[in-house]
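A quick write-up on the structure given underneath.
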């Protein structure tokens with residue numbers, strides 16, 4: 001029985017014999033770029049095509065191995081990886097990606113060591129044991145944090161970060177930690193403090209109780225992503241000190257505390273924050289110029305006296321109960337706001353009771369409506385709700401600088417005549433509003449994403 005790689009190569013060779021081999025006429029540099037985008041088992045398979053291809057694959061600067069792709073009666077996965085490294089001749093290894101089900105720590109340490117000796121720039125380790133959830137982990141030790149050329153490190157799933165003492169990866173710019181575990185809080189601090197040039201950090205955490213406080217203190221950090229659904233009682237929250245942070249994305253956060261020092265923050269996208277009640281949470285973002293909020297005002301306390309003096313673009317989701325109360329507060333405290341976008345991400349236009357309460361317009365017209373707001377977009381506008389019609393009317397009546405207002409709604413089947421008539425009546429009503437801005441262009445359209453994607 002021949003290996004899958006040999007079978008793939010034979011198939012390629014047959015196709016080349018039957019037709020003209022035009023690919024081989026391309027320059028070697030271009031061929032290497034093409035091969036670099038393919039998994040290593042496919043790249044190795046091209047070696048049967050000709051003498052040119054036999055030597056060409058050995059110079060591909062990327063090695064990618066997935067143990068699921070290598071099932072052979074002749075060689076183990078470990079032997080295949082070792083043979084590939086022995087044959088590989090590229091002087092600089094741009095990327096080494098390893099996805100494995102079972103492992104021998106000695107083998108992995110050897111492969112990573114060889115990759116480091118070839119000036120490795122990206123390392124991806126993805127361990128998904130056959131018995132996921134049984135506590136089996138691969139320990140990522142401090143001895144692997146020694147590569148001076150490494151620019152990107154990605155650790156995925158059942159990997160235990162165990163770094164008892166400080167390390168140094170002076171060239172590391174990007175670090176992804178996706179559902180890994182941590183020996184203790186010291187391991188987190190030692191890893192992050194050993195990356196003096198780190199610019200991007202992505203954290204994905206599940207329901208674990210490895211640490212009580214996740215501390216991120218990285219002066220060079222510019223981009224931070226957090227997705228954390230850990231709501232265990234042992235986990236307190238985050239302490240982040242990133243004086244040069246420019247971009248923050250929080251996809252999910254269930255911990256009770258969040259302390260952020262990021263005075264240079266420019267853009268923040270905040271969603272699915274469910275347990276934080278501290279008033280200063282929103283106050284951490286007063287320096288931003290662009291802000292996206294998908295929050296429930298019933299779960300987040302607005303910071304008294306906080307002003308968003310730099311905010312020029314605000315996007316809010318409209319599916320949470322009494323979301324308009326948060327909108328009112330943001331309008332009142334964002335005097336330079338120029339762009340306002342409202343989106344119903346749920347695609348459920350009548351929200352089935354998720355939205356409740358009644359909107360009350362501000363006592364005084366917010367400064368941004370009087371002098372700054374130029375663009376107003378409402379995606380998946382729920383024309384059937386009185387509160388949303390009132391909010392839309394209020395903004396049109398008071399937006400003195402408004403240049404364009406766009407409302408998109410869900411498609412309605414042609415046989416639903418009553419709905420078609422009602423929607424036309426509502427949209428005609430908006431069109432008839434006496435707008436504060438004579439130059440405001442009003443646009444109505446259907447939202448095509450309603451039919452397929454749930455993305456905003």
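Start at 1 and count along the chain as shown; that gives each residue its number.
Note: Cβ is positioned from N, Cα and C throughout, glycine not excepted.
As given in Swiss-Prot:
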{"type": "DOMAIN", "residues": "20-73", "note": "domain 'F-box'"}
{"type": "DOMAIN", "residues": "358-409", "note": "domain 'FBD'"}
{"type": "REPEAT", "residues": "74-100", "note": "repeat 'LRR 1'"}
{"type": "REPEAT", "residues": "102-127", "note": "repeat 'LRR 2'"}
{"type": "REPEAT", "residues": "152-179", "note": "repeat 'LRR 3'"}
{"type": "REPEAT", "residues": "180-205", "note": "repeat 'LRR 4'"}
{"type": "REPEAT", "residues": "225-252", "note": "repeat 'LRR 5'"}
{"type": "REPEAT", "residues": "270-295", "note": "repeat 'LRR 6'"}
{"type": "REPEAT", "residues": "318-344", "note": "repeat 'LRR 7'"}
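Against the repeat 'LRR 4' (180-205), stretch 225-252 has more CB pairs under 8 A than any other of 74-100, 102-127, 225-252. Remote same-chain residues near the repeat 'LRR 2' (102-127) are listed as 63, 67, 77-78, 81-82, 85, 90-96, 137-140, 143-144, 146-147, 149-159 (criterion: CB distance under 8 Å, separation of at least six residues from the stretch ends). For the repeat 'LRR 3' (152-179), the residues of the chain that approach it from at least six positions outside its boundaries are 121-129, 132, 136-142, 145-146, 186-188, 190-206, judged by C-beta separation under 8 angstroms.
According to DSSP, the secondary structure content of the repeat 'LRR 5' (225-252) in residues is 0 helix, 15 strand, 13 coil.
Sorting each residue of the repeat 'LRR 1' (74-100) by its DSSP state yields 11 helix, 6 strand, 10 coil. Over the repeat 'LRR 6' (270-295) the predicted model carries a mean pLDDT of 88.
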